[in-house]
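Asks: According to Swiss-Prot, the protein has these features:
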- 1-50: region 'Modulating' (REGION)
- 1-22: region 'Disordered' (REGION)
- 51-125: DNA-binding region (DNA_BIND)
- Cys51, Cys54, Cys68, Cys71: Zn(2+) 1 binding site (BINDING)
- 51-71: zinc finger (ZN_FING)
- Cys89, Cys95, Cys105, Cys108: Zn(2+) 2 binding site (BINDING)
- 89-113: zinc finger (ZN_FING)
Amino acid sequence: MEQKPSTLDPLSEPEDTRWLDGKRKRKSSQCLVKSSMSGYIPSYLDKDEQCVVCGDKATGYHYRCITCEGCKGFFRRTIQKNLHPTYSCKYDGCCVIDKITRNQCQLCRFKKCISVGMAMDLVLDDSKRVAKRKLIEENRERRRKEEMIKSLQHRPSPSAEEWELIHVVTEAHRSTNAQGSHWKQKRKFLPEDIGQSPMASMPDGDKVDLEAFSEFTKIITPAITRVVDFAKKLPMFSELPCEDQIILLKGCCMEIMSLRAAVRYDPESETLTLSGEMAVKREQLKNGGLGVVSDAIFDLGKSLSAFNLDDTEVALLQAVLLMSSDRTGLICVDKIEKCQETYLLAFEHYINYRKHNIPHFWPKLLMKVTDLRMIGACHASRFLHMKVECPTELFPPLFLEVFEDQEV
């Protein structure tokens, strides 16, 4: 005999009962969600303050009265669309308005809105509402600018000690930067026929124009010498052991030379001026041995042209690149790191003093340090290919001394 399922077993509930129960649960959960999403209540309202129109929970001061969102919206729509002349009441305007009955009689609800003091003249039409919103946005933007100016005013400028350091670094750069501010007048353009006829094939598919490569090697030795002279003029660098000085110089040399070329990018002729004297186009530098490194330096030059860097900012960038404590084989890592931090802090304070108009200027400028480090790493890899493909006699001794045995 088949046993009937027990009515106490929850699994044996009739299907329609389970469906109704599920519906009730969904409705209950929806109510919980709705209640948890209730709007912001201003601090000037007492706890559980009621709407003066219907008695529901008030959300703020609307049209001169404390009301709920529902009555606020009803009153606004009525005035904006001029609906009140169309309202009527089945009970001679004697309805009691509360949160249950408020939607049953529009006329009595509107009359109560007026009787409790809601002001019709405070309801804006579409054009006034747009104008008000625009005014709010303008005020917001004005406050934002005022706060930004205030924050800029409170950013520290360099201290007396930092100004002294900044002066030393700037002079070190100026005295070792070929042609100085007169580079445009003194530069000579590399003839266009040089660097356009690649001869030696490189392993990565690029080719080297040996004539262009030969031209570049003529200016590389004095360019390297000037970077070394710049470093020696910095007191913090001179205090380091010779072994660390050599590692730091080998690590930063290409980065600093690239920076010095990049800040001499000319958008009109689309050239970089190398070592303050030789203006070259992108393809010439690329075919002359640098390959994709050429693209990176030109791209850096184009982006830096918007920064309008002065000599001091270029000098401090070089000092930060020089004092990189993550170079392999260093002895005085902590000391070098502290030196770089000193330069960075003076640099940041100088940026505050300069008051550039570019938003977030300081972090954007620091990103260029990363770009220059990447250029240095790419050149180290490229140098290995050049050594294989180009005749050894074309490499100046100082060029080999600096770039050989670099970590790739």
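Residue numbering: from 1, along the chain as shown.
Backbone N, Cα and C define each Cβ position, glycine as well.
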Asks: Using the CB centroid of Cys51, Cys54, Cys68, Cys71 as the Zn(2+) 1 site centre, which other residues of the same chain sit with their CB within 8 A?
Replies: Gln50, Val52, Val53, Gly55, Asp56, Ala58, Thr67, Glu69, Gly70, Lys72, Lys99, Arg102
Asks: Could you state the CA-to-CA distance between Cys108 (Zn(2+) 2 binding site) and Cys51 (Zn(2+) 1 binding site) to the nearest Å?
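Replies: Pair distance, Cα basis, whole Å: 16 Å.
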Asks: Write out how many residues of the DNA-binding region (51-125) are helix, how many strand and how many coil, based on DSSP.
Replies: 28 helix, 7 strand, 40 coil
Asks: Fewest other C-beta atoms within 10 angstroms of its own C-beta: which of the binding-site residues Cys68, Cys71, Cys108 fits that?
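Replies: If we count Cβ atoms within 10 Å for the binding-site residues Cys68, Cys71, Cys108, the smallest count is at Cys108.
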Asks: By Cβ count within 10 Å, point out the most packed of the binding-site residues listed: Cys51, Cys95, Cys105.
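Replies: Highest number of other Cβ atoms within 10 Å: Cys51.
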Asks: In whole Å, note down how far the CA of Cys54 (Zn(2+) 1 binding site) lies from the CA of Cys95 (Zn(2+) 2 binding site).
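Replies: So the Cα of Cys54 (Zn(2+) 1 binding site) lies 12 Å away from that of Cys95 (Zn(2+) 2 binding site).
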Asks: On average, what pLDDT score does this prediction assign to the region 'Modulating' (1-50)?
Replies: 49
Asks: For Cys68 (Zn(2+) 1 binding site) and Cys105 (Zn(2+) 2 binding site), what Cα-Cα distance in Å is obtained after rounding to a whole number?
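Replies: The separation of the Cα atoms works out to 17 Å.
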Asks: Sort out the sequence-distant neighbours of Cys54 (Zn(2+) 1 binding site) for me: same chain, 6+ apart, CB within less than 8 Å of its CB, listed by position.
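Replies: In sequence order, Cys68, Gly70, Cys71, Ile97, Asp98, Lys99, Arg102, Arg109 meet the Cβ cut-off.
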Asks: In Å, rounded, how far does the Cα of Cys105 (Zn(2+) 2 binding site) sit from the Cα of Cys51 (Zn(2+) 1 binding site)?
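Replies: Here the two Cα atoms lie 17 Å apart.
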Asks: Could you give the Cα-Cα distance between Cys51 (Zn(2+) 1 binding site) and Cys89 (Zn(2+) 2 binding site), in whole Å?
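Replies: Rounded to the nearest whole number, the Cα-Cα distance is 22 Å.
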Asks: Within the chain of Cys89 (Zn(2+) 2 binding site), which residues six or more apart in sequence place their C-beta under 8 angstroms from its C-beta?
Replies: Cys95, Cys105, Leu107, Cys108
